[in-house]
Amino acid sequence: MKALVWVAVGGALGAIVRYFFYKFVPQVYDFPLATFLVNVVASFLLGFIIGAFEAKPWGQQLKLALATGFCGALSTFSTFAADNYILLRSSKYITAFVYTAVSVGLGIVSVALGEDLAQRLLK
């Protein structure tokens, strides 16, 4: 039960941060910039958390709060999928392709960069 509380606390904070991204990041043309940014930032943070907890074991509860709760609530695959559906339905095929390719590619790179940064900082 305690684990659920940690996930819920992290999730609440992640959802609040995501809300502020959507409130303050403007949409650029047809590109869903806020969704793109929250997913890249969450990927970087998750990579950092992975690297940090490999370098120093800070406890499973904190890891649950940060990785599962915060990063899970900050990132949003369902919105990513819906954004792409809307782009495709609107015949914006190139934008949908670029959004998908750059989101997935940069997401993977962000995880790797976050993990590397954490390991360098925490040696």
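Cβ from N, Cα, C; glycine included.
Annotated features, as they stand in Swiss-Prot:
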type     : residues : note
TRANSMEM : 5-25     : transmembrane segment
TRANSMEM : 33-53    : transmembrane segment
TRANSMEM : 62-82    : transmembrane segment
BINDING  : G72, S75 : Na(+) binding site
TRANSMEM : 94-114   : transmembrane segment
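Remark: G72 (Na(+) binding site) has V7, G10, G11, G14 as non-local neighbours, by Cβ distance under 8 Å and separation of at least 6 in sequence. The C-beta environment of S75 (Na(+) binding site), restricted to residues of the same chain at least 6 apart in sequence and closer than 8 Å, consists of V38, N39, A42, S43, L46.
Away from its own ends, the transmembrane segment (62-82) comes close to residues 3, 6-15, 17-18, 32, 35, 38-39, 41-43, 45-46, 49-50, 53, 103 of its chain (Cβ-Cβ under 8 Å, at least six residues beyond either end). In the three-state DSSP scheme, G72 (Na(+) binding site) is classed as helix.
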